[in-house]
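S.K.: From TrEMBL, here are the annotated features:
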BINDING   K5, F6, G7, G8  ATP binding site
BINDING   T43, E120  substrate binding site
DOMAIN    2-280  domain 'Aspartate/glutamate/uridylate kinase'
Amino acid sequence: MQVFKFGGASIKDSEAVCNMSEILKRFPGEKILIVVSAMGKTTNALEEILHLRLNSLSTTTAIRTLFQYHQSIVTKLFKENEAAVSHLLEEIFHELNAQLSDIKKTRYDESYDSIISFGEIISSSILLHYLQKEGFTISKIDAKDCIKTDESFRDALVNWETTKDLINKTTQAEFHKNQLVITQGFLGGTADGKITTLGREGSDFSAAIFASCLHAKAVTIWKDVPGILNGDPKKIKDAVLYQELSYQEAAEMTYYGASVIHPKTIKPLANAGIPMHVRSFSSPEKGGTIIHECETVHQIPCIIIKERQSLITFKLNDFTFITEALIGKIFEALNKHHIKINMMQNTAISFSICVNDDLHRLDQLMKELEDDFSIRYNTGLELATIKNFNENLIDSITAGQEIYMDQRSRKNYQVVIKSLEFRY
Ligand SMILES: Nc1ncnc2c1ncn2[C@@H]1O[C@H](COP(=O)(O)OP(=O)(O)O)[C@@H](O)[C@H]1O
Ligand SMILES: N[C@@H](CC(=O)OP(=O)(O)O)C(=O)O
C-alpha cells in the first residue's frame with residue numbers, strides 16, 4: 001500500500017485531473033491512498049472571501065468566481081452525469097454560504113478553518129466522482145474524522161494515538177472493497193468534530209501522517225517540478241535536481257523555507273523509515289527525487305528563499321540591556337500567538353526577529369508587547385538562506401540590496417533583504 005499526494009497545481013484544471021487519472025493507471029491493482037489539496041489557487045480565494053466577509057464587504061462576486069471555476073472543471077470532466085456532480089457542487093457552496101453567515105469575528109482562527117477547509121472538501125468530492133467514472137474502485141474518507149487534533153485552529157497539533165487507530169480502522173475497511181481511497185489533505189478535526197487545518201501547504205504533512213499510521217511502503221508527492229532541486233527552478237537559473245536526499249538534508253531544507261515540501265512532513269516518515277518520492281506529474285515516467293535513509297551529503301550550494309517575511313525589532317527606550325527575562329517575555333508572546341521565528345539576532349539594546357507576514361497574528365503580538373517595548377517593523381521582505389555558501393554567491397544575492405539582517409555559520413549564510421532579483 002502506498003500514499004500519493006496531489007497538490008493544487010496537479011489538479012488545477014480538467015486536463016490536470018485527466019493527467020492525474022492517467023498517473024493512477026500506471027499502478028494497476030496497487031492499493032493507493034490519495035491525499036488531495038484544493039484545486040489550483042482555491043485556498044487563496046477562500047482566504048480572500050473570508051477577509052471580505054470579516055470586513056463586512058460583499059462576497060458575492062468572489063464566491064461566484066470560485067463556483068464558476070469549479071463548475072467549468074466539472075462541465076469538462078463529466079458528460080452524461082454532469083448534473084449529479086453539479087448538484088453536489090451547488091450543495092457544497094450552499095453550505096459555504098451558510099458557514100460564512102455564521103462567522104464570528106472574535107474567533108478568527110476557528111472561523112478561518114471552517115471556511116478555508118472547503119477547498120479540499122470540493123476537490124475530493126469532484127475527484128471521487130471523476131475517478132469512479134474512469135473505472136477505478138474508489139471510496140472517500142473524511143480527514144476530519146481520521147486525523148484528530150487539538151483546538152489550535154490554523155496550525156493544529158495531531159493527537160497521534162487516536163489518529164493512528166482511526167486511520168487504520170477507517171482506511172483498512174475501505175481498502176477491503178476498493179483499490180483506491182481518497183481523502184483531503186490539510187484538514188483534521190477536534191475530538192468534538194470541529195474542522196481544523198494543519199498550517200498552509202499542510203497536505204504534504206497529511207500524506208506523511210497517513211503513510212506513517214498505515215506503515216505505507218512509500219509516499220509519492222506529485223509536483224510541477226522534476227523533484228527537489230538545489231533552488232526553486234522558478235527563481236534560480238540552472239538549478240540542479242537531487243536524485244536522492246537524506247531525511248536530514250530534506251528536513252533542513254524545509255526548515256529554512258524550501259516551499260516544495262511542508263516542514264512537518266519529513267519527521268513522521270523518517271521515524272517510520274518510509275521513503276518519499278518527489279516526482280513530476282507532467283513527466284511521470286521520470287524518477288524524481290527520493291528522500292530516504294542514506295549517507296549522501298551534498299556539497300553544492302543550495303539556495304532557499306522564504307518570501308513574505310517581516311522583520312520586527314524590540315527595544316527599550318531607556319538604554320536598558322536586552323536581558324534573558326525580556327527575551328523570555330517576547331518568546332512567551334510568540335509561543336502564545338503561534339508565531340515561529342525564522343531568524344533572530346540581538347544587540348545590547350535590541351532584539352530582532354524575522355517571521356512570516358501573518359498580519360493577524362503579528363497584530364496580536366504587537367498589542368501584547370507594546371506596553372513593554374518600543375517596536376519597529378518592516379514588512380514585504382524575503383529571507384534567503386544559502387547552504388554551502390561561497391562569497392561569489394553571497395555577492396550575487398546581496399548586490400544592490402539593503403541588508404536588513406544577516407548572519408553566517410560554518411556552512412550556512414542567511415540574509416533578510418527587500419526583494420530578490422536573481423542574478424545567479
Ligand atoms: N528546492 C526546490 N525544488 C523544487 N521546487 C521548489 C524548490 N523550492 C521551491 N520550489 C517550488 O515548489 C513548488 C511546488 O510546491 P507547491 O507549489 O507547494 O506544490 P503543490 O501545491 O502542487 O503541492 C514548485 O513549483 C517550485 O516553484
Ligand atoms: N490547499 C492548502 C493545503 C496544501 O497543501 O495545498 P498545496 O498542496 O496545493 O500546497 C494550501 O494551499 O495551503
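Just so you know, glycine gets a Cβ as well, placed from its N, Cα and C.
Unlike curated entries, TrEMBL annotations are predicted automatically.
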S.K.: Within the set K5, F6, E120, which binding-site residues show a CB-to-ligand 1 distance under 6 A?
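M.R.: From K5, F6, E120, counting a Cβ under 6 Å from ligand 1 as near, there are none.
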S.K.: Averaged over the domain 'Aspartate/glutamate/uridylate kinase' (2-280), what pLDDT does the predicted model reach?
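M.R.: Mean model confidence (pLDDT) across the domain 'Aspartate/glutamate/uridylate kinase' (2-280) is 96.
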S.K.: Let me check the 10 A CB neighbour count of F6 (ATP binding site). How many other CB atoms are there?
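M.R.: I count 29 other Cβ atoms within 10 Å of it.
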S.K.: Could you check which of the binding-site residues K5, F6, G7, G8 is the closest Cα neighbour of T43 (substrate binding site)?
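M.R.: Going through K5, F6, G7, G8 one by one, the closest to T43 (substrate binding site) is G8.
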S.K.: Please report the Cα separation of G8 (ATP binding site) and E120 (substrate binding site) in Å, rounded to an integer.
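M.R.: It is 10 Å, counting Cα to Cα.
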S.K.: Near K5 (ATP binding site), which residues of its own chain have a C-beta under 8 A away, given they sit six or more steps off in sequence?
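M.R.: Spatial neighbours, sequence-distant, of K5 (ATP binding site): I34, V35, V36, S37, G185, S203, D204, S206, A207, V219, T220, I221, W222.
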S.K.: Neighbours of the ATP site K5, F6, G7, G8: Cβ within 8 Å of the Cβ centroid, same chain, sequence order.
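M.R.: Output for this site, in sequence order: A9, S10, I11, V35, V36, S37, G185, S203, I221, W222, K223.
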